[in-house]
Amino acid sequence: MRIGYGFDLHAFGSTKPLIIGGVLIPCEKGLIAHSNGDLLIHSLIDALLGATAMGDIGSFFPSNNYIYKNIDSRILLKKIWNKIILLNYDICNIDITIIAEYPKMLPYIFFMRSNLSLDLNTEIDNISIKSTTSKKIGCIGRKEAIACHSIVMLIKNKKCI
């Protein structure tokens with residue numbers, strides 16, 4: 001059994017659409033990023049890479065490589081998951097927490113879970129996504145940024161029960 005942790009934070013300030021967990025969320029501003037800025041996917045990729053001791057998202061998809069400019073982060077997730085499948089790992093559990101003062105995430109969480117379930121070929125019950133605020137503290141509290149924490153548990157050569 002392997003456990004990995006990932007974190008990402010992006011500031012608001014882009015004209016890009018706000019996409020979190022592969023879901024388009026209505027918002028007047030997007031997140032500043034080289035890719036499409038899907039910080040949930042980015043933190044999840046880092047957790048998967050951490051669990052398999054394969055490095056971090058930047059080592060696979062460097063921000064100075066134009067090929068990844070504005071790329072759909074779900075494509076990046078699928079590329080990483082395909083590498084992990086070759087190592088005979090399966091997902092036991094994914095636990096994700098989004099920290100955002102704005103916009104509210106609750107109406108979109110089911111769709112985020114559905115996207116991850118599809119992309120990672122795992123049961124939706126293996127995926128937990130929660131959201132909270134920073135109690136109006138710091139850059140997140142001032143609605144300048146959104147952060148995300150992800151934890152992944154993988155098992156090799158068999159399915160989790």
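Cβ atoms here come from the backbone N, Cα and C positions, even for glycine.
Summary of the site annotation: Swiss-Prot records divalent metal cation binding at ASP8, HIS10. Screening the candidates HIS42, HIS149 against this entry identifies HIS42 as the one listed for that site. When each of the recorded positions SER35, THR133 is scored by how many other Cβ atoms sit within 10 Å of its Cβ, THR133 comes out lowest. For ILE57 (4-CDP-2-C-methyl-D-erythritol 2-phosphate binding site), the same-chain residues that are 6 or more apart in sequence and have a Cβ closer than 8 Å to its Cβ are HIS42, ILE45, ASP46, LEU49, LEU76.
Within 8 Å of the centroid of the Cβ atoms of ASP8, HIS10, HIS42, where the record puts divalent metal cation, the same chain has further Cβ atoms from LEU9, LEU31, ALA33, GLY37, ASP38, LEU39, LEU40, ILE41, SER43, ALA147, CYS148. A separation of roughly 12 Å, to the nearest angstrom, links the Cα atoms of THR133 (site 'Transition state stabilizer') and LEU106 (4-CDP-2-C-methyl-D-erythritol 2-phosphate binding site).
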